[in-house]
2 protein chains.
Amino acid sequence: MTRIHIDPALVEAMIMEMGTIGAHSGTGVWRTVYSPAWVAANDLFARWSEEAGLSVSRDAVGNVWSKLAGTEGGKSIVSGSHIDTQTPGGRYDGTLGALSALIALRALSEQFGSPKRTMEALSLCEEEGSRFPGANFWGSRAITGAIAPGDAEAMKGYSGETMAEAMLAIGLNPQAIPSAKRDDIDAFIELHIEQGPILEHADLPVAIVDAITGLRHYHVRLTGEQNHAGAFPMDLRRDPMAGFAEIASGVINTAHRLGRPAVTTIGRIAADPNGAAVVPRSVSFTVDARHPDPEKRLQLYALHEGLMREVAERRGLAIEWEIGIEKVPCLSDPGLVTTFREAAAVQGVPTLTMASGAGHDTQQMAKIARTVMIFVRSKDGRSHTPEEFSSIPDIVAGIEVLAAGLHRLAY
Amino acid sequence: MTRIHIDPALVEAMIMEMGTIGAHSGTGVWRTVYSPAWVAANDLFARWSEEAGLSVSRDAVGNVWSKLAGTEGGKSIVSGSHIDTQTPGGRYDGTLGALSALIALRALSEQFGSPKRTMEALSLCEEEGSRFPGANFWGSRAITGAIAPGDAEAMKGYSGETMAEAMLAIGLNPQAIPSAKRDDIDAFIELHIEQGPILEHADLPVAIVDAITGLRHYHVRLTGEQNHAGAFPMDLRRDPMAGFAEIASGVINTAHRLGRPAVTTIGRIAADPNGAAVVPRSVSFTVDARHPDPEKRLQLYALHEGLMREVAERRGLAIEWEIGIEKVPCLSDPGLVTTFREAAAVQGVPTLTMASGAGHDTQQMAKIARTVMIFVRSKDGRSHTPEEFSSIPDIVAGIEVLAAGLHRLAY
């Protein structure tokens with residue numbers, strides 16, 4: 001029954017120092033991929049890794065790998081997360097997972113010496129898409145070989161520069177991207193803030209994530225008849241706003257009734273012509289529907305589609321939709337879920353097991369490795385803002401679970 | 001039992017010739033106030049008036065008055081509508097009422113000689129606000145003395161020019177606007193296309209309008225909590241889009257259940273931040289509610305306000321609204337309604353009596369005179385588009401009712 005000790009003072013010092021790099025808006029951080037702040041953050045990550053006795057290497061896209069070699073060799077056990085942020089984000093989203101892996105490996109090395117299996121702490125270069133909107137998961141996609149030749153040259157940033165230009169500006173060679181591919185990773189474990197309120201409402205510090213949700217975006221347009229708001233009686237209208245309201249209530253209620261972890265959101269809407277005294281010709285909107293269960297998600301989508309068709313037909317409205325983002329659920333490795341749940345129990349950290357409703361690098365890494373995630377409680381469920389916050393006791397609990405699980409896998 | 005004859009060929013010829021002035025997009029007309037097309041249209045109206053033996057005068061804002069003097073003098077009986085259009089509008093909205101008055105006076109003069117009471121056909125200079133968004137009812141507001149000193153100098157057009165500049169450019173003196181005020185009008189009768197589908201659905205050519213609707217615009221903002229669309233469970237959200245959907249369905253259903261002539265429209269909506277994967281922070285929208293009955297309109301507003309407050313409170317959303325446009329109902333003179341209904345019956349024109357859901361110059365004229373309106377059936381209930389259309393037989397029926405009613409009032 002091995003227990004790991006993680007030093008809260010060290011954890012807090014590292015989070016606060018890393019948070020000064022790209023500091024913005026008080027407690028915020030603005031650290032887009034390949035920016036000067038990003039270079040400085042990775043240099044710090046590398047320096048701390050070396051101070052911890054880890055051997056540091058950087059790959060073609062700038063991911064930083066800090067290795068604790070195992071006596072028996074074989075495929076690596078990797079933990080980490082992304083070092084880039086939203087504009088601005090906070091100190092925790094992504095960065096906490098990279099620091100936690102480094103802290104866990106340092107603690108394991110100090111307390112237990114060399115492992116049998118090789119472990120690596122990973123600072124992933126890019127996840128947020130906050131400088132290049134098409135770049136999401138750039139770091140993990142390079143590792144899994146999912147970046148096609150020419151992608152870096154074709155991808156444009158918000159300021160007009162290409163990804164290739166941004167790489168060259170800091171000495172990275174876009175032609176070398178294929179060399180970042182890895183095929184020797186056994187397991188990938190990502191610690192991340194929850195970004196939601198489930199742990200807070202359950203009054204628990206840490207969760208083991210058994211799946212990352214499947215999600216589908218519908219881009220829907222309802223078309224009726226544009227009419228004068230005064231001269232057209234209600235009973236003769238074909239009003240797409242009335243149809244939208246019924247559909248919006250319906251899909252939101254459907255997800256609510258199905259219960260957690262089903263979620264459905266209508267975040268985008270536009271009426272045409274959008275005049276106060278005009279029954280609109282058309283209403284366009286998005287439906288974001290998510291469920292981590294491979295079959296229940298299809299049930300959720302089918303319920304939404306059935307409702308949309310029924311409302312449109314009954315109201316004499318034309319309806320058309322396109323499916324935008326479509327992600328299948330990413331199921332965690334059941335063995336890793338069990339390993340980390342048991343490690344948490346021995347460590348004395350109470351956990352729950354939950355699905356992630358947000359996307360993560362782990363979804364990419366799952367293509368080449370067994371995966372699992374660890375969530376740390378988020379204050380008010382917030383992220384992507386300078387106000388995001390997780391307490392040091394909760395973070396320490398999360399790192400203890402991470403380190404205890406890694407100990408079971410590697411020693 | 002006097003019957004009036006209106007010549008369909010003359011009616012059609014005048015509509016089509018007037019429709020060539022500012023012709024746009026095939027059957028459309030683009031004739032904004034004080035534009036060259038507007039000048040030409042009023043010159044044509046004046047020439048036709050003189051050819052019909054009417055005495056023509058123009059007031060300070062460019063309204064054209066064509067008088068058929070009565071043998072007994074006294075206050076005038078006036079009929080007309082506006083000669084300006086949307087950009088583009090069609091051949092009928094407004095213009096039909098000016099031409100109908102002219103045609104009716106010509107027919108009455110030809111068939112019955114001089115009247116006892118003085119009658120005037122009126123081409124109102126501006127109603128649509130299509131060149132100056134603040135100008136609505138410019139012509140009728142000048143007649144009722146509702147234009148304040150300095151208004152013409154302060155009012156800006158869509159192209160940046162002031163109303164005063166536009167007037168001076170065609171030889172009108174903004175300083176003289178107060179001279180357009182009239183206090184010698186006994187009755188104002190406006191013939192207009194219906195702009196809605198009620199006559200078409202009732203299979204009738206003409207309506208007598210007993211009221212112009214009261215209307216109120218609410219500008220509403222619902223504020224909840226912005227959240228991640230994946231990470232926040234449905235049961236913990238305070239989602240303003242869900243609240244909006246319930247309110248939109250509720251107010252639309254309320255007006256529908258109250259039955260004609262209640263109408264409620266949600267035409268404008270905006271979500272903030274309007275992202276597909278974000279539960280919005282706030283949703284802003286308009287509620288346009290209309291009822292011509294002075295008491296029932298207040299009941300309609302109270303039902304809407306009660307529902308909005310209840311939904312917001314139950315869902316933990318903040319709600320605030322401002323009232324924008326607020327118009328009290330404009331009731332037609334009961335005596336004039338009876339006169340024109342009886343005249344229609346004698347004339348053999350089947351009518352119904354209905355409220356107008358749209359606003360008209362008549363609302364302004366009602367401040368200084370008894371009023372009533374005559375509606376002519378609109379194809380598909382359409383207006384403010386080149387496709388607006390009323391048939392010559394329906395128009396002739398409408399002008400016969402107008403002329404027959406004027407005959408009762410003036411001979």
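Heads up, the Cβ atoms here are built off N, Cα and C, so glycines get one too.
Because TrEMBL annotations are produced automatically, they should be read as predictions rather than curated entries.
Residues near B:His82 (Zn(2+) 1 binding site) in space but far in sequence (CB under 8 A, at least 6 apart, same chain), listed by position: B:Gly94, B:Thr95, B:Gly97, B:Ala98, B:Ser123, B:Leu124, B:Cys125, B:Glu126, B:Glu127, B:Glu128, B:Gly139, B:Asp361. According to DSSP, B:His82 (Zn(2+) 1 binding site) is assigned to a strand segment. The annotation Zn(2+) 1 binding site is assigned in TrEMBL to B:His82, B:Asp93, B:His192.
For B:Asp93, B:Glu128, B:His384, the entry in TrEMBL reads Zn(2+) 2 binding site. Sequence-distant neighbours of B:Asp93 (Zn(2+) 1 binding site) (same chain, six or more apart, CB under 8 Å from its CB) are B:Thr85, B:Gln86, B:His192, B:Ile193, B:Gln195, B:Ser383, B:His384, B:Glu388, listed in sequence order.
Those residues of the chain, other than B:Asp93, B:Glu128, B:His384, with a C-beta within 8 angstroms of the mean position of the Zn(2+) 2 site C-beta atoms are B:Thr85, B:Gln86, B:Gly89, B:Gly90, B:Gly94, B:Glu127, B:Ser130, B:Ser383. Other residues of the chain with a Cβ within 8 Å of the Cβ centroid of B:His82, B:Asp93, B:His192, the Zn(2+) 1 site, are B:Ser81, B:Tyr92, B:Gly94, B:Thr95, B:Leu96, B:Gly97, B:Glu127, B:Glu190, B:Ile193, B:His360, B:Asp361.
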